[in-house]
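A.B. asks: Below you'll find the structure I mean.
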Amino acid sequence: MHNVVFVLGPPGSGKGTICAKIQENLNYVHLSAGDLLRAERQREGSEFGALIESHIRNGSIVPVEITCSLLENAMKASGDAKGFLVDGFPRNEDNLQGWNKQMNGKAFIQFVLFLSCPVPICIERCLNRGQGRTDDNEESLKKRVETYNQQTFPIIEHFKKSELAREVKSERPVDEVYADVVNVFNEANKQK
Ligand SMILES: Nc1ncnc2c1ncn2[C@@H]1O[C@H](COP(=O)(O)OP(=O)(O)OP(=O)(O)O)[C@@H](O)[C@H]1O
Ligand SMILES: Nc1ccn([C@H]2C[C@H](O)[C@@H](COP(=O)(O)O)O2)c(=O)n1
Ligand SMILES: [Mg+2]
């Protein structure tokens with residue numbers, strides 16, 4: 001059974017940054033759904049490359065069968081770990097239902113880390129990220145934020161209702177955000 005922490009928040013809220021630090025220090029493996037989709041888009045011979053690129057540019061969500069299989073394969077390929085940080089997933093109802101169907105009995109959701117941050121700050125961060133992402137431009141960001149508000153936030157609300165969500169405000173220096181996130185992980189692992 002895979003131990004999983006979902007990591008959600010608006011684009012640019014710092015999910016990747018915080019997950020990298022958790023992976024380095026707490027023996028969780030970081031799996032970013034966006035990174036896996038970008039790698040699949042680049043993979044020679046992939047039948048999904050064009051479809052993925054179109055969703056990424058439009059800020060819309062790739063069908064779950066593709067994303068969940070990439071996540072499951074990456075989990076299977078990983079060695080021993082305390083758990084997996086599943087970053088940027090589930091992003092909508094289709095993602096959530098597809099995960100429940102495909103991962104039923106194979107994964108345990110430990111909790112959901114919600115990095116909350118005001119959207120204007122998130123947009124500024126993405127525009128200054130400097131990684132050459134095809135979706136870090138004003139037009140794509142507008143759509144990504146719309147998708148976040150309309151489709152992802154309701155999923156976070158769903159996890160809040162089931163008391164799985166742990167919110168950390170990420171409009172602060174990385175070290176402060178990270179210190180609070182570590183406390184969340186320590187609390188969760190104490191209860192196990
Ligand atoms: N707490 C912070 N304060 C200032 N800058 C930050 C903070 N956290 C992350 N950043 C910077 O903001 C940018 C976006 O961060 P990151 O890539 O971690 O966000 P993300 O949530 O993974 O975004 P996306 O959903 O678009 O993948 C990066 O340039 C990162 O260095
Ligand atoms: N569950 C997911 C995660 C990501 N995508 C696509 C659409 C996103 O805008 C893009 C980038 O994701 P990020 O790196 O910002 O987390 O990847 C998706 O369709 N489904
Ligand atoms: Mg990211």
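Each position is counted from 1, following the chain as shown.
Glycine is no exception: its Cβ is also placed from the backbone N, Cα and C atoms.
No curator has checked TrEMBL annotations; they are predicted automatically.
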A.B. asks: Have a look at 32-62, 125-155 and point to the one annotated region 'NMPbind' in TrEMBL.
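C.D. replies: From TrEMBL, the annotated region 'NMPbind' range turns out to be 32-62.
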A.B. asks: Taking just the CA atoms, what is the gap between GLY12 (ATP binding site) and ILE61 (ribonucleoside 5'-phosphate binding site) in Å?
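C.D. replies: Approximately 17 Å lies between the Cα of GLY12 (ATP binding site) and that of ILE61 (ribonucleoside 5'-phosphate binding site).
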A.B. asks: What's the CA to CA span in angstrom from SER13 (ATP binding site) over to GLY88 (ribonucleoside 5'-phosphate binding site)?
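C.D. replies: One finds 11 Å between the Cα atoms of these residues.
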A.B. asks: Going along the chain, which residues at least six beyond the ends of the region 'NMPbind' (32-62) come within the CB cut-off of under 8 Å?
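C.D. replies: For the region 'NMPbind' (32-62), the list is 15-16, 19, 70-71, 74, 86-89, 91-92, 94-95, 134-135, 140-147, 151.
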A.B. asks: Write down the Cα-Cα distance for THR17 (ATP binding site) and PRO90 (ribonucleoside 5'-phosphate binding site), rounded and given in Å.
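C.D. replies: Rounded to the nearest whole number, the Cα-Cα distance is 18 Å.
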A.B. asks: Just give me the nearest neighbour of GLY14 (ATP binding site) among the binding-site residues ARG38, ASN95, ARG133, Cα to Cα.
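C.D. replies: So, of the listed binding-site residues, the one sitting closest to GLY14 (ATP binding site) is ARG133.
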